[in-house]
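Structure, as structure tokens:
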């Protein structure tokens, strides 16, 4: 195996900081502080600007004091918290037959992560989930961690400014999020805190309508492209630019080993679609899929530390004929596999039939379930059709079953939906699925943007994020065309960070407005470096500016290359403001 190389170090103008807990003083919650320069007043005096603290998903990779060693993995920050709860036990060995086979295969030695845990954790009494704790009225360290993280020290801001209230459209956005608020949202099923007890490296985060909108980045090899090294680098690269979670959708060689490397080096929750690996185990023959192999795959991945599973349990046998009226049929990979199986065997899927047993497995490890939308529309023509809505209603029924077993649950959504149908989609989901968090792929608002689908989907993502979606699954410019590379991942993540931020602004999140306010102030005052550093992609902002004005002195100039020195509106504003102020003083 080649030597791993990942991108490390802070973003321009930023530094990693840690905030301690109050209830749990041992907590060290990571954030990114963007350093602001002084404002130069008309009289030449300097006025200090407050630094801006923002949410940070990058883990230890941007901490200059941390020595990166991918063969060792990132720190297991939750290990002691899990141990102290006393409700889990170390198993004598791997429970999955496939996991044991891979572990004993000497030919995989060079590919295998060196420090594989062969004694994973499981709940002593069958359940060790954050939902269970929340329902018992318990505030866990993970819950306080999340509360501190969501607030981004906004209560310490001293600058007086008029904050925009936003229009939350039914969401409840507190000025300050408390650990108790986090607990209550999880207990109500309106939010999840994905945190497998076998992924102690993960930094707690929350997905819910009443919190900051999150984004997911998909990575994964295919049978014809990519290596373990490339996928680990993609994961680290995605979180550097703001991915809150990462889904490993590998379908190629060494899925088990690739996933182990990713999890051990990931400070964010990792999701998978277990059905993909199950299909690989039967050499791609859908007819040979069965409950026993799928069950073993769930246990295998849960004991590795996967934090949430996409499971297409809501696609019923009688739903399949509804897709015959569609223009593009079933476009979900998981959905097409299940539909094929149901049609071949002329019965309900083994996933639907064994759903309660699935929940029992997930509760043992605190794996959240993302109920997959196997019948999501694959084109504008099919949006909000009978097949999509029928499955969504089934997902609502399954949500209640999952909650019965204290399994944290989110609902997956479309897809391709024109703008005028997006709000309706959100409203149907909220009612059918009892307020469980919605997790959508876009949606794409048009079908004609090949090569630009990150843009057409971000338009829909910003809207549905405002309407109530809790997490947005990114779409890259390679969507419908090919497997995304490293730069496609960056472009997709930053584009979706923008969509999520726009939704947060519309909903009235105070932290979102504060960052925009400080950007506008820096722009009006021609503090170019501060503008770069406050951007979602500082490196690209610097690159674009320097392409036409490369000299260091131009970063102090009161104009840019768009308008030039004599046509800059902000420069003109400053001039006539000065005149008006002088006139006011003279009067």
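Keep in mind that glycine also has a Cβ here, set from the backbone N, Cα and C atoms.
Together with 218, 247, 276, 332, 333, 334, 373, 374, 375, 376, 412, 439, the substrate site in Swiss-Prot holds one more listed residue from 312, 480, 501, which is 312. Listed in sequence order, the binding-site residues near residue 416 (Zn(2+) binding site) (C-alpha within 10 Å of its C-alpha) are 376, out of 276, 332, 334, 376. Distance between Cα atoms for residue 480 (Zn(2+) binding site) and residue 332 (substrate binding site): 12 Å, as a whole number. Our reading of the substrate binding annotation (218, 247, 276, 312, 332, 333, 334, 373, 374, 375, 376, 412, 439) yields a largest Cα to Cα distance of 20 angstrom.
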